[in-house]
Amino acid sequence: MKFNMEHSHDEATTQLLDAALDARNNSHSPYSKFRVGAALLTAEGKVFKGCNIESCSFTPTICAERVAIASAVKFTTIAISSDLNDSPITPCGVCRQFMREFGKDLQIWLVCPDKRFCRTTLEELLPASFGPDSLEKAGGAKISNRDQILQRYKYMQVRIQDRHGHTFFVSRKVNAVDPSLPTYVRIPPIPIPRAWVKHIRPLLVGAETTPCNVISGVLLPMVEPKWARRIDTDATLDFDFTIFERTFQCVYMDPPLLLPDEQPKPGYLDISQLTAIPVHQMLVPGAFLFTWCEKELLPDMCEIAEKQWGLKYVENFCWVRHQTNNHIAKLPSNYFRRSKVTLLIFRREGDLEMRHQRSPDSVFDFVKPRMAGDLNDRKPDFSYTVIETLLPRALCTAELPDPDRLIQLWMPADCHRTHWTTIVQKAMAE
């Protein structure tokens, strides 16, 4: 193909040509030694640059044209340059087809290092091409050029420049799914696999039968947990915690707290009453406090933990309440709908052997039915997983069978478990 070369006579054209030539400086072409630069001009007047990036395995190599297109997506003109001064280069076949997604009338400028250039169009470089309009003629769904690119290429090359002027190219994952659309889940036919089953309460059994638990769909007799201690008390606030030595690595509690301006109710506490619990006198250096708290009481709980117990806030995660129909719960609130509750994590200064883990910020779990005597919703078992994974030395063994390293307060009477000392308030159990 013979090109009619010309020189630029306007500032906008010169800017695009200079950008294409400058893009060669970022080329990574250690194998071919053939530098290529490309620059795109958008309808808003912005310029996006790209360069060729070679790989030692060759297949992942990407051309300058596609690097620039992946950064801009929508554009009107593209300028392409190389180090060849005798004749300008043209885009390869793959790049021509890639550009075809944006229309066959695209303006393409081919630039030489001396800034001579020629104008052409994609239709001239790729005659009788196959494009989106071909799919529409075949009866396929009409879809925009941009959406076609997003669906075909889930990962796009993005050019990033830091404050020092260094340029990096990274692969960015593109989500082609509209988040506003509903998500459909195919529920398996009956019988539903056990992996889909999540029990929210034990199966009811007759009064004359032995109490049972449900484990993986199998009824098993209920037995007392091994290496566990249960202590009953009339009121947790009045319990004599001085009977314990400072051996606990974690205090876990779910106090039934009154919300601001809420009228007193039997069994519920004002948050200021928590200062009666000598948490700081039970924890070894480096130990933790895990406590559930509604959003209105978060500032007060943090103040008590820091000023009264000498603990520092370190982390939290939330339980997002789900109803059994898998919708997020929307309980009434004075501020906005109450859909979550926070488990605050505080720590005492000091060293303690821990096992670091990657825990989610939120846990999605169902609201369990309250049993007789329950003052709070039954919290997800995931909190136990977090604690017992974090503190492996707190778990009981045959050599250390005494459950004097983990203690929980204000938990339901049937929630005492292996490794834990549980203080059960009788009023809640009855």
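Glycine too: its Cβ is placed from the backbone N, Cα and C atoms.
Curation does not apply to TrEMBL; its annotations are automatic.
Some features that TrEMBL has for this protein:
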type	residues	note
ACT_SITE	Glu65	active site, proton donor
BINDING	Cys63, Cys92, Cys95	Zn(2+) binding site
DOMAIN	11-133	domain 'CMP/dCMP-type deaminase'
Binding-site residues listed as Cys63, Cys92, Cys95, least Cβ neighbours within 10 Å: Cys92
Alpha-carbon distance [Glu65 (active site, proton donor); Cys95 (Zn(2+) binding site)] in Å: 6
For Glu65 (active site, proton donor), nearby residues of its own chain (Cβ under 8 Å, 6 or more apart in sequence): Ala38, Gly50, Ile78, Ile80, Pro91, Cys95, Phe98, Met99
CB-centroid shell, 8 A cutoff, Zn(2+) site Cys63, Cys92, Cys95, site residues removed: Ala64, Glu65, Arg66, Pro91, Gly93, Val94, Arg96, Phe98
DSSP residue counts for the domain 'CMP/dCMP-type deaminase' (11-133), split into helix, strand and coil: 39 helix, 30 strand, 54 coil
